[in-house]
Amino acid sequence: MISNLKHFPYFWCLRARRRLNVWRSSVYYVSDYLLCNRYCTVTETVNTNQLPKVTESPELPDWVKIVKKEETVVDFGDDDFLLPSFSEWVKNEKLRAREVDVRGLASDIADNDVDKISKLLRFHFKSPDAVVDALNNCTFDVSECLVEQILKRFSCEWIPSYGFFKWAKLQKGVTLSSDLYDLMVDNLGKSKKFDLMRELMDEMSHLQGYVSLNTMIKIMRRLAKAGKYEDAIEAFTRMKEFGVQKDTSGMNALIDASVKGGSVEHAHKVYLDLKDHIAPTVQTYNILVHGWCKARNIDKANETVKDMEERGFSPDVVTYTCFIEAYCREKDFRKVDAIFKEMQMKECSPTVVTYTINMKALGQAKEVDKALDVYEKMKQNGCVPDNSFYSSLIHLLGATGRLKDCYDIFEDMPKQGVSPDTFTYNTMITIAVKNSNEEDALKFLQKMEESQCKPDICTYAPLFKMCCRMRRMKVLSFLLNHMFKNDVSMDLGTYALLVRGLCRNRNPERACAVFELAVLRGFLPTDTMYDNLVKELEERGLKEEKKRIEELMLQAKQQESGTSSERHLKIEE
């Protein structure tokens, strides 16, 4: 005991130094920025060579896919703890990365260039032009693949992605494809930089065949999602100016964008204005039915069906599925059963999506036996389960504590001819995290990698929550790097999740570092994200940190309004 106590002052000092370095260390990768960096700002050009190495509605709705779970504060001890089995994976990943840098094989040049460019783009640039200036001092072999990977990796961060895009266009012998322009358009729309998005679209209009229906769909979706419904409609009306025909596909895309953006009223107005000029299809009416059902206005949905029938169209399986989803949301399963009977009478067979929605809703209503009966009914009707159905079934069983059944179904899926996809792995990770099974959660991520199944933002969210709850900072660092290497871009929701999780589990310094990074990456934190962090700092008496966060929030608001003013000034000029 005495010999153990002799080492205590050393570990106490080491821990104190770590906390002190949260705001001061300077490193390259995203995870290190989030966990231990007071952000580094580029004040001069940087040389990276010197750096270290329509579908129609409804699809399976979000409420079927997304699982929400409140986290509680738990103290699991050492921030640097790694599971033995997991530590070997981390070690192998680091060794493999080091070997690539040392060997410098020709086949790895593209990957090395992506990493070098990424390291440069992790610095804080005040504008896309500053990014161009920094890249001008570097030499890279620009390819279609390299540009695509960088744009995806920074898809939620408009300054580095747009700056890199502008630089890539200027390189000799490089012609960026229309697909890359579409990707950049979507990135700008995602960040709500609509003036820049329009400028890029105008530039595309001068390039033969670059503006397509796909381009316009991306623009309309981003505008509608931001609540700019009139602007989305205007984009549709201007399609001919860009050489794109205003036809049924475009109209349906606009109506669908409005519905998914949260305004079936605007979608209906578009239909009324265009129906006499552009012929609607059964898809047009199904999108509107879905919108009214989503808005819980069944009367309007029924009126749309009547209008549909007057136009000579009959309700199909998509139409019925919309109503089933609406009644499932209301937990009115008698009406759900009545619709199934009507479908049977009209010889309209339900699809796997129809059954999945019904089963999920019954499970959420604690009607587990009836939910499992849906599976039997589905098999009797010859409907083959897909990934979404299996994933929903696994989640249902996991929610009832039947973990062995979850694992058995997961292992049995390939035998049934259905390979687990991202949705399935995300479900298994969520279940493992919910049951505090850290090792299994990480093993599923490793299995995804081994099976070459691409993770998404929903893969990492429960893992980040787990790391914050269990205070696994070393694991969190690894996961953030893993996310970055898989070209999954950090969005504002992920920053908010980390701030909330770190605050709840007594890591206010790291929460401040994450908040600072979000601001410096060009995000405007939500009021909730800001208020929660300030409240935590007040309760802990961290006055200097609170003052810094207040300054950062003011800076974020100023840079948001400053960008808008700058764009308007340029347009006027």
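In case you wondered, yes, glycine gets a Cβ from its N, Cα and C as well.
TrEMBL annotations:
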REPEAT    212-246  repeat 'PPR'
REPEAT    281-315  repeat 'PPR'
REPEAT    316-350  repeat 'PPR'
REPEAT    351-385  repeat 'PPR'
DOMAIN    358-499  domain 'PROP1-like PPR'
REPEAT    386-420  repeat 'PPR'
REPEAT    421-455  repeat 'PPR'
REPEAT    491-525  repeat 'PPR'
REGION    554-573  region 'Disordered'
Cβ-Cβ under 8 Å with the repeat 'PPR' (281-315): same-chain residues at least 6 beyond its ends: 56-58, 248, 251-252, 255-256, 258-259, 264, 267-268, 271, 322-323, 325-326, 329-330, 348
Go through the chain and flag residues at least 6 beyond the ends of the repeat 'PPR' (386-420) whose CB is under 8 A from any CB in it; none is fine as an answer. 60, 64-65, 67, 352-353, 355-356, 359-360, 363, 368, 371-372, 375, 378, 426-428, 430-431, 434-435, 451, 453
Positions whose Cβ lies under 8 angstroms from the repeat 'PPR' (316-350), at least six residues beyond its ends: 56-58, 61, 63, 282-283, 285-286, 289-290, 293-294, 296, 298, 301, 305, 308, 357-358, 360-362, 365, 367, 370, 378, 381, 383
Which sequence-distant residues neighbour the repeat 'PPR' (212-246)? Criterion: at least 6 residues beyond either end, Cβ under 8 Å. 54, 178, 181-182, 185-186, 189-190, 192, 194, 197, 201, 204-205, 253-254, 257-258, 260-263, 266, 270, 278
Composition by DSSP (helix, strand, coil) of residues within the repeat 'PPR' (386-420): 27 helix, 0 strand, 8 coil
The DSSP breakdown of the repeat 'PPR' (281-315) into helix, strand and coil residues is 26 helix, 0 strand, 9 coil
When the domain 'PROP1-like PPR' (358-499) is classified with DSSP, how many of its residues are helical, how many are strand and how many are coil? 108 helix, 0 strand, 34 coil
